[in-house]
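Enquirer: Provided herewith is a single structure, encoded as structure tokens, for subsequent inquiry.
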Amino acid sequence: MDKLNRLEEHLGYKFKNKTLLKEALTHKSMKSSVNNERLEFLGDAVLDLIVGEYLFFKFKDTDEGNLSKLRAALVNEKSFASISSQIRLGDFLYLSAAEDNNNGRNKPSLVSDALEALMGAIYLESGLEAVKKIFINLLESQYNNIDLQSLGKDYKTTLQEITQARFGVTPRYELVSSSGPDHKKSFEMAVFLNDKELARAIGNSKKEAEQSAAWKVLQGMNI
């Protein structure tokens, strides 16, 4: 259980029920009797409430429309994937060999779902306040400024700002390959800085693949 102990140290939370923790980390590709989809469903609802309450009290003079925009900027796949990187959540997941070989541990959708499942498991074991304490700490560590201006960015924009500030160069994205039928194509995009390839990623659209490639660069800052 050394692997799980390391994750608990990252979280600052000790699970009483290790089976529940393992369930939260088990992807459906494992084809086991349990996976983390039900806990993900629960965690999604819990985090929606926690972030909504957090914003309600933090921004006392902000109207409902802007509060909703702020919550949408924080409660989404990209945000949760970034937060997951703090605790290296992908390293602790139980995946099939095929999913692991397909870079599953670095897929934003997969680690985002696992974060929701993990928070759902903590909620079941210790209640709302425990989840709130852990998640808000992660949230505030990830985002120095929580406001509409700073949260309205995407991975490509963030990467471009960094490379322009450091090198005066804008990243370039190129299509590597595409596959599948017209109604269900997948695209592999590569991101370059000058002539150096920084990362590749696959998505259901070119835009999605570009975002995932930019995310990979930001996680490793492989520049």
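Backbone N, Cα and C atoms are what each Cβ position is placed from, and that goes for glycine too.
As annotated in Swiss-Prot:
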ACT_SITE  ASP44  active site
ACT_SITE  GLU116  active site
BINDING   GLU40, ASP113, GLU116  Mg(2+) binding site
DOMAIN    4-127  domain 'RNase III'
DOMAIN    154-223  domain 'DRBM'
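How buried are the listed features, and what sits near them?
Expert: Proximity of ASP44 (active site) to non-local residues of its own chain (separation of 6 or more, Cβ distance below 8 Å) is seen for GLU116, GLY120, given in sequence order.
In this view, GLU116 (active site) is surrounded by 26 other Cβ atoms within 10 Å of its Cβ, with every protein chain counted.
DSSP gives GLU116 (active site) a helix state.
The domain 'RNase III' (4-127): residue composition by secondary structure is 92 helix, 2 strand, 30 coil, according to DSSP.
Assigned with DSSP, the residues of the domain 'DRBM' (154-223) fall into helix, strand and coil as follows: 31 helix, 24 strand, 15 coil.
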Enquirer: Under a criterion of Cβ-Cβ distance under 8 Å and sequence separation of at least 6, what residues of the same chain contact ASP113 (Mg(2+) binding site)?
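Expert: Listed in sequence order, they are ASN36, GLU37, GLU40.
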Enquirer: State the count of C-beta atoms found within 10 angstroms of the C-beta of GLU40 (Mg(2+) binding site), not counting that atom itself.
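Expert: 21, counting other Cβ atoms within 10 Å of GLU40 (Mg(2+) binding site).
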